């Protein structure tokens, strides 16, 4: 009989331990069962890792986290080599346990009250002109962590007034009104919240989340700040159909979203949701054309695209794929 998983405060649960807590069960893949990666999914590594190590050292020195490392992003080498990173606030332990995500699950510790200042000082030290701030889900906090986001935005603007700030937030489920009240006074320059996948796959891929709730959050933020660009992202390769993706795009536009990212899902380990298929680059191009026809002003679509991948270029409307 399998020993029950005990969740202790501050302890990170990953892979099999994390998946054991998910209500929708699936068997981990065995060796040889994974789909073979096509040639277009091969990553070119930089010739030297000096810049990569420099970014990591700065993060360690200030006791900060990057979603690039915590979520095992395939673009880590490229982004760190360019001196950029997506900062993950509110700790490295998520209260959700989505089976596509490599971020650790568990009972997080109290937020670090000094994190906003440390984050702002780090961004100033790195001389960043565009930053993306994301977080784990914090269902244990009364406002879902919204005030911590606002504190970070405020400190960054004090330290680096010319730096543009994009926030990639959780859904603040059950706490939307409190979160919106916080963002009313301290909005970012771009507000991003990912739908991740088609609603049919939510019970499997996003347990604890709600498709309509996420759409409402995006809509409410746009209503509060009509000139604020709102953004959302989707993964492909989880078993969705292209027709389902197009319907999600229509739903996003109906809720005022103007910026879009579409990328290929990659399985972090054999314990995570398997890749159902690798979507060829030409399909991403076709979906981008549909997105632009639907009225999206920005659409970054390609196998390696992630929400924060070259987010500064995305915001400028440049080609990212």
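Cβ atoms here come from the backbone N, Cα and C positions, even for glycine.
Noted in Swiss-Prot for the protein shown:
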BINDING   68, 73, 79, 308  [4Fe-4S] cluster 1 binding site
BINDING   94, 98, 101  [4Fe-4S] cluster 2 binding site
DOMAIN    80-297  domain 'Radical SAM core'
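Structure coloured by features recorded in Swiss-Prot.
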residue: 94; record: [4Fe-4S] cluster 2 binding site; Cβ neighbours (10 Å): 26
residue: 98; record: [4Fe-4S] cluster 2 binding site; Cβ neighbours (10 Å): 22
residue: 101; record: [4Fe-4S] cluster 2 binding site; Cβ neighbours (10 Å): 23
residue: 308; record: [4Fe-4S] cluster 1 binding site; Cβ neighbours (10 Å): 28
- Query: How big is the Cα-to-Cα gap, in Å, between residue 101 ([4Fe-4S] cluster 2 binding site) and residue 308 ([4Fe-4S] cluster 1 binding site)?
  - Reply: 15
- Item | Overall pLDDT for the domain 'Radical SAM core' (80-297), taken as the rounded mean | 94
- Three-state secondary structure, residue 94 ([4Fe-4S] cluster 2 binding site) (per DSSP): strand
- Between residue 94 ([4Fe-4S] cluster 2 binding site) and residue 308 ([4Fe-4S] cluster 1 binding site), the C-alpha gap once rounded to whole angstrom: 19
- Query: Inside 8 A of the center formed by the CB atoms of 94, 98, 101, which other residues of the chain have their CB, for the recorded [4Fe-4S] cluster 2 site?
  - Reply: 96, 97, 99, 100, 102, 103, 105, 136, 137
